[in-house]
Amino acid sequence: MTERFDCHHCEDSLFGRKYVLREEQPYCVACFEALFASTCEECGKLIGCDCKDLSYKDRHWHEACFHCSRCRGSLVDKPFAAKEDQLLCTDCYSQEYSSRCQECKKSIMPGTRKMEYKGSSWHETCFICHRCQQPIGTKSFIPKDSENFCVPCYERQYALQCVQCKKPITTGGVTYREQPWHRECFVCTACKKPLSGQRFTSRDEFAYCLGCFCDLYAKKCAGCANPISGLGGTKYISFEERQWHNDCFNCKKCSLSLVGRGFLTERDDILCPDCGKDI
């Protein structure tokens, strides 16, 4: 007895007929198409076994139905773009939706790398430094007067030059005597510690921190021998080419403050009138 070879669904014999295998089960063409064939997005008909099924994102088309929604040109084996469930050839998509390059004014095609800045777009090769004309790409850049500059060109053309190291000042900086300095270059002439944000003074146009200035140039107190800075409202007494801090201007014997009082001198000492009676 001959073994049966029937359609898995309708059980009609498949001897001498076309059939399709699915998951190792045979189906007649009619059953296969009714059960498994995709429906064409364009014409709404089934895509039969004798037709090529073109698919994109779970959507299916007959080969003859796979065309641009705008110009109706075939998209088979061609690049295309999707917009609001419509398929468009690259030309139609560019005319309808693509941004225009700020430099060359041509469309920026789908899939093309582009640069965007403040609502404008450029082809990657059109986004160039205004000075050296080289593509900026993903490097840092600085806008100036509606033009874009790579950092080295901007620094050469616009950045202030530090009076100390002669290099560009790109961020921050300090102005002293109407000249620009890097913060790290503006240092005490003596100890080289940074002066930015610190109190300092100058002598012969050279800047010094208060400590170095006092050590080098300040007069010494005749009482404690420490420097008298004279800065920041420091009060001191001066008498016969000698100086004292206010707190140090005291009677040598009784330590009474002599600020605003009469006093006597005994060699290098100063005395209050009472202690001076015995001289």
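From the backbone N, Cα and C atoms, a Cβ is placed for every residue, glycine too.
Taken from Swiss-Prot, the feature zinc finger applies to 7-31, supported by sequence analysis. The domain 'LIM zinc-binding 1' annotation in Swiss-Prot covers 40-92 and rests on sequence analysis. According to Swiss-Prot, the feature SUMO2 cross-link maps to LYS78, LYS167, LYS220, an assignment based on similarity to another entry. Taken from Swiss-Prot, the feature domain 'LIM zinc-binding 2' applies to 101-153. Swiss-Prot lists 162-212 with the feature domain 'LIM zinc-binding 3', giving sequence analysis as the kind of evidence. Annotation source Swiss-Prot lists domain 'LIM zinc-binding 4' at 221-275. What Swiss-Prot records for SER238 is phosphoserine.
Recorded features from Swiss-Prot, shown on the structure.
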residue: LYS78; record: SUMO2 cross-link; Cβ contacts under 8 Å, 6 or more apart: CYS89, THR90
residue: LYS167; record: SUMO2 cross-link; Cβ contacts under 8 Å, 6 or more apart: GLN161, HIS182
residue: LYS220; record: SUMO2 cross-link; Cβ contacts under 8 Å, 6 or more apart: ASN226, PRO227, ILE228, GLN243
residue: SER238; record: phosphoserine; Cβ contacts under 8 Å, 6 or more apart: none
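Long-range contacts of the zinc finger (7-31) within the same chain, counting only residues at least 6 positions beyond its ends with a Cβ under 8 Å from a Cβ of the stretch, are 48-49. In the three-state DSSP scheme, LYS78 (SUMO2 cross-link) falls into the coil class. The domain 'LIM zinc-binding 2' (101-153) shares the most Cβ pairs under 8 Å with 40-92, out of the stretches 40-92, 162-212, 221-275. Here the domain 'LIM zinc-binding 3' (162-212) touches the domain 'LIM zinc-binding 4' (221-275). Their Cβ atoms form 3 or more pairs under 8 Å, with each pair 6 or more residues apart.
Summarising model confidence by region, the domain 'LIM zinc-binding 4' (221-275) averages a pLDDT of 83. Reduced to three states, the DSSP call for SER238 (phosphoserine) is strand.
Under DSSP, LYS167 (SUMO2 cross-link) is assigned to coil, being neither helix nor strand in the three-state scheme.
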